[in-house]
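Here's the structure, in structure tokens; my notes come after.
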Amino acid sequence: MKNLYRYSCGEGKLDFVMLHGWGMNSNAWRYIINRFGSHFRLHLFDLPGYGFSQSEESFTLPEISETVLKKAPPQAIWLGWSMGGCIASEIALRYPERVLALITVCSSPCFVSQHQWPRISWQVLSCFEQKLEDHLQNTLEQFLLLQTLGTLNSQRDTTSLKSFLFSRPLPKKEVLKAGLKILRYTDMRDSLNAISVPFLRIYGKLDALVPCKIAELLDEAWPHTESVIMHQSAHVPFISHTDDFLEVILYFYQKYFSH
């Protein structure tokens, strides 16, 4: 893909890649890039088919990972939010020499409910897929509402998300369907146990999409990783609780990279 959009900024010495979630674009990071920029050299991507990276094609998880990697710095901390966490994790597994550390935000190694595993039922994803056929914009707006559900400033944060989403071209239906397929079929619960770089998982206590009880299950399954639950947040802690989110990231950074 030739027109993959990347925006780089910041004065820090360490490269830091940020990947957005399903339906969104890299404008999602608008609230935090100024504060992160003094600590890191940020690289924000519109994933293939999203925002300014428009495409008629649909992409698989490996294809997205390889496309992004071609425009990424040689080594970086990789942060992925929601579906972006799947992509960052895929890159960490397949190209570990490119990843200094992995951070996933409100993400899951397995997004669809399995036996004794809390997640979205596949029927919910199927419902979104069906609605995309006739009501793409309304479906995306409904998804944004779910991301802030139950938080103190839900309406304000949903308004912010909408402004970020609609400030750039919307993804095509085929791209969104391919993204839902990634969410439905990806299962990295076993493979991510092999990650050897520092690995931080951030969750929102009020998240209606990624239940925070996943944190405890993965703490046990992946004892070499770390988790933080942000108790007043839902699916977008970097928007609803920007200062707290920055504090969590910087603590992790200083623990492993400040020597």
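Quick reminder: no glycine exception, Cβ is built from N, Cα and C everywhere.
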Site co-member for substrate according to Swiss-Prot, given TRP22, SER82, MET83, PHE143, LEU144, LEU145, LEU146, GLN147, out of HIS235, HIS241:
HIS235
LEU144 (substrate binding site) - helix vs strand vs coil (DSSP):
helix
Going by DSSP, is MET83 (substrate binding site) part of a helix, a strand, or coil?
helix
Within 10 Å of the Cβ of ASP207 (active site), how many other Cβ atoms are there?
25
Cβ contacts of LEU146 (substrate binding site) (under 8 Å, same chain, 6 or more positions away):
ALA208, LEU209, HIS235
